[in-house]
Amino acid sequence: MKTVEQYDFAGKRALVRVDFNVPLNEQNEITDDNRIVAALPTIEKILNDGGSIVLMSHLGRPKGQPSEKFSLKHIVKHLSETLNRNVKFASDCVGEEAFELSAGLQPGDVLLLENLRFYKEEEKGDEGFAEKLSRHGDVYVNDAFGTAHRAHASTTVVAKFFPEARMFGYLMAAELKNAEKVLNSPERPLTAIMGGAKVSDKILLIESLLDKVDNLIIGGGMAYTFSKAFGGNIGKSICEADKLDLARELVAKAKEKGVNLVLPVDCKIADDFSNDANTRYASNSDIPDGWEGLDIGPESIKTFKDVIRGSKTILWNGPMGVFEFDNFTDGSRQVAEAIVEATRNGAFSLIGGGDSAACIAKFNMDDDVSYVSTGGGALLEYMEGKELPGVKAIG
Ligand code: AMP
């Protein structure tokens, strides 16, 4: 794997694709700078070598139009403070001003380009646009794992203009190494914990994991489709009526492949989709009409924890319940606690993708697991066995 580690950036201008798609509040202040922090090792390596940097990123979904709301100028102050230097800003990523600024960079300088998605060419993977971007650097570094599954101009196409000098940043390299460890060389037993709202979002991942894992735990909203598929009454719990056959097929496949598929047997139900709803515990196959399961119940928690504690490699994707409501976080919290305990006892734990990362952060356990991925869709696609265009482009 070609990474920044082996490259000497002295006197070079590095064009670095980062994922600075950070959340901003109404006052355009950054509410969580994890994505910036995650890119720091790569930025520091280049600067310490004596190179200069042109940073490029997207922010939100401006749909090919410039917009005040999605301007990356909002992050310049925070980025300057974080890097302890004055970050320059180009208000059009491929305008004349941007090329003048990048041409004038001195060792130690950092330039941030305006949101790439102000041009529709970015998401289209337009070659002319990619070529323009390539003029900003002598070397191309991709450190944006979160967008590695997109064949966009800045994540994929631009790499062809750097046949001799394209490489992964530290974040990208770490993401790939950790995902690979789970997929290709896990210490066993290997357990995947899947949760979240819908089975349909994760079918491909579940199918591909069935070839790899020893245990597959399924919780969260998607579990009710399984309960329903086997004749349970699930009240008004979230369910995908057109996926009942699929749920039965997945259970049969697990059996055929000798995978221990663990489904919840009980749940915490509510008479309304709200934190203040009335609650009770119920069997997953016997939820009264008008009630819905919003978290896993105590028996399921116990079984899930036992399986997790006995695992040597763990992948967690998706919460066990509606963790955004404090009264329905217990299942996710206890699963997280078991993962932390297994990690302390030597297991490797990868927390992957969007909501599970948000969950582990909410519980302040980020530092107690082996790795929290910054990629949502990208990690899922990688785990499904797909080749990511942004990874392939580096070669
Ligand atoms: P995903 O993006 O597919 O990982 O889904 C995450 C979302 O699933 C979170 O916002 C959770 O609130 C939601 N979720 C988890 N369990 C349930 C449930 N039992 N009913 C409804 N939504 C759920």
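Backbone N, Cα and C atoms are what each Cβ position is placed from, and that goes for glycine too.
Sequence-distant neighbours of Arg35 ((2R)-3-phosphoglycerate binding site) (same chain, 6+ residues apart, CB-CB distance under 8 A): Val18, Asp19, Phe20, Asn21, Val22, Gly146, Thr374. Here TrEMBL flags Asp19, Phe20, Asn21, Arg35, His58, Leu59, Gly60, Arg61, Arg117, Arg150 as substrate binding site.
The Cβ of Arg117 (substrate binding site) lies under 8 Å from the Cβ of His58, Leu59, Gly60, Arg61, Pro62, Lys63, Gly64, Phe70, Glu123, each on the same chain and at least six residues away in sequence. Summarising the annotation, TrEMBL assigns (2R)-3-phosphoglycerate binding site to Arg35, Arg117, Arg150.
Asp355 (ATP binding site): 18 other CB atoms within 10 A of its CB, across all protein chains. Annotated ATP binding site per TrEMBL: Lys202, Gly293, Glu324, Gly353, Gly354, Asp355, Ser356, in sequence order.
Counting every protein chain shown, the Cβ of Arg150 ((2R)-3-phosphoglycerate binding site) has 21 other Cβ atoms within 10 Å.
Put plainly, the binding-site residues Asp19, Glu324 were compared by Cβ crowding within 10 Å, and the winner is Asp19. Neighbour count (other Cβ atoms within 10 Å of the Cβ, all protein chains): 23 for Lys202 (ATP binding site).
Gly293, Asp355 are the binding-site residues among Asp19, Gly293, Asp355, Ser356 whose C-beta comes within less than 6 Å of an atom of ligand 1, given in sequence order. Following the DSSP three-state reduction, the secondary structure of Gly293 (ATP binding site) is strand. Counting every protein chain shown, the Cβ of Gly60 (substrate binding site) has 16 other Cβ atoms within 10 Å. Within 10 Å of the C-beta atom of Gly353 (ATP binding site) sit 26 other C-beta atoms, taking all shown protein chains into account.
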